[in-house]
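Take a look at the structure below.
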Amino acid sequence: MPLLDPREVLLRRGIPIPAAASFHVPGLPDLHAESSSSTALAHPLQMSAGYLPARPIEADGQPKDNAHLFFLLLRARHVPAKRKLIIWFNGGPGCSSFDGAMMEVGAWRMDGKGGLVWVKDGASWNEYADILFLDQPAGTGFSYVNTNAYTKSLPQAADEVVHFLEQFVQVYPEYSRDVELEYGSQGSGVDVYLAGESFAGQYIPYTAKAIVKSPKPPVSLKGIAIGNGFIDPKSQYGTELETMVQKNIWTTSSGEYKHVAGLVKACHEELDKSNQREIGKCELILQTIIASTTTKTQGASGYTCINVYDVRLSDSSPACGMNWPTTLPAMYDYLRRPDVRKALHVDEHHKPEAWVECNANVGSAMRTDTTSPPSVQLLPELLDSGVKVLLFAGEEDLICNAIGVQRAAENLEWGGAKGFDDKQPAQDWYVNGTHAGTWRTARNLTYVGIKGASHMVGVDKPIESHDMIVRFMGIDYMKVAGPNALIPSRVGNEPDRVLITGGGGGIAQIGKDGSRVIPGSGKTEEEVAEEARWRAYYDAGSFALMVLLIAVGIGTWLLLRARKQRRLNRNRIGRGGALRLATTTELGASRSTTGNGDTDETSNNHELERLVGGKHVEDDDDDVEEHIFNVGDEDLSDSNGENGPPVVKARHTGSQR
């Protein structure tokens, strides 16, 4: 089916959607280059931001309840053979995806001075894929909706994302599934992946199902990726206690452990009778662990407790992790600046309130949904339909810990079997020569445990998390190049995926300025990449020069060969152009003898001159060139000598070429 012009579609539907140009963001205030502290009002990154409707249009031309979702779109720095789009969700429920954009997988971070700084090459997920950060459900982050009209269920939230995407592909038709249907999947269209963390473990499977089940899916969904997600209450509730023991914070003989173990037992008994996502008795487990770790620090005015997002850290009570990461306060200040809001096209009329990380009203409305089953029940059908699923977990998290996420994967039944089998054991995963974690794949499902990472994997392990998502999406950055092609990476016994190494295959190290340095050369990866680019240009130029020289050589040889052939032809028939045959009478007199019996050589020479057109074979080459291209009238005059017969001479104009 041919694609309609987006304006025609909008006209037919009566939807007032702005042109894509109106969403363009030319720059962000105080976005600094890595090597400079000067304000960067413009930058090489292609970026768009703004609002699109989340609910159907009503009679007044506005969406129901005035629901609009805010989005931030970052384009890829390097484009693979098949383009990719990652749609990013944060959790909560009700937490803004600016967490992901500015602290985890986006292109910049806070610089500690109130501005922004670009992340190091290879750390942002938009290196090889476009990323769409989405504030959803309506009311989250910069999104807005009428008061008391918040989204109240997971299916509703999913439908609103699908409605948003239907409008999105009208503004940006290159992302539409219609492109792939029209022109084929090889190189045409865009592969779409849903990704996020925490409570997004509920959002994402529901949204994936809504896309797949849509009568006309707006995008071509290929996979979903959930980090430290809450997806399976039966597998995950209670693993908080196991994590406390695994991390050597408690022992099984401690009083705290025994107390919480009783709560875990009561929780599991409740889970056996319920199919709800959140159960009060089970929520008591984490609350009790937090209370048990809360202490008054000597010399401090308040209390501290465990950071539920990173067990290696503590936080002030009652935040217990809500103040983390440490750049969060600066992010609040930045996103509340009027110049930043203006640059991002924030609607001051409908969203006048200051940005907050998590909207409590949105969260409360979503928690009223007690009928939607846990999202884990949607995964088997998605997997069987061909949608790839990645479950990954930072191993230092407590609230949605790696033990629970891995157990959820192992308990899952799909493709005619349960969990992983012995034929596909977990493999060690290495990035930049360091053990990054474990990797296991079976029947479209992949589980990755990330060593040394917290609840927000991208905060602690940006290079590793990016390598993970690139592998999952099947991008071959050996062909695309870019910074990640410089970082050795492998799973199991496969060869390292790396384009350039130094010092006999050494791995990149971290320099004083934070840049990765190639051993054996002392150069940063950026310097090595620049040298590689120049070498590529040099090699391409050398190849072109060789081709040119070969062509000139062949041309010269052909020219000389042609000239030699012309000389040979002239030696045979002369320059007269046409050879007049001698008469039999003339030939009969061609050989006479003198009275003493000797042959008359003078007569022979005279006869030879007549046969070759009146000139000797020793004529120089220049005369050949003088006439070979000349065209003119026939000259029938007799110029062969006093006694010679008339011959036809070559056509010429009398002028030289």
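Glycine too: its Cβ is placed from the backbone N, Cα and C atoms.
Here's what Swiss-Prot has on this protein:
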type     : residues : note
ACT_SITE : S198     : active site
ACT_SITE : D397     : active site
CARBOHYD : N432     : N-linked glycosylation site
CARBOHYD : N444     : N-linked glycosylation site
ACT_SITE : H455     : active site
TOPO_DOM : 561-657  : topological domain 'Cytoplasmic'
COMPBIAS : 584-597  : compositional bias 'Polar residues'
COMPBIAS : 603-618  : compositional bias 'Basic and acidic residues'
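Overlay of Swiss-Prot annotations on the structure.
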residue	record	DSSP (3 states)
S198	active site	coil
D397	active site	coil
N432	N-linked glycosylation site	coil
N444	N-linked glycosylation site	coil
H455	active site	coil
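When the recorded positions S198, D397, N432, H455 are ranked by how far their Cα is from the Cα of N444 (N-linked glycosylation site), S198 comes first. Every protein chain shown contributes to the tally, and the Cβ of N432 (N-linked glycosylation site) ends up with 20 other Cβ atoms within 10 Å. Proximity to S198 (active site), judged by a C-alpha distance within 10 Å, picks out H455 from the recorded positions D397, N432, H455. Here the C-alpha separation of D397 (active site) and N432 (N-linked glycosylation site) works out to 23 Å. The C-beta environment of H455 (active site), restricted to residues of the same chain at least 6 apart in sequence and closer than 8 Å, consists of E197, S198, N228, V308, Y309, D310, G394, D397, L398, I399, C400. Ranked by how many other Cβ atoms sit within 10 Å of their Cβ, the recorded positions S198, D397, N444 place N444 at the bottom.
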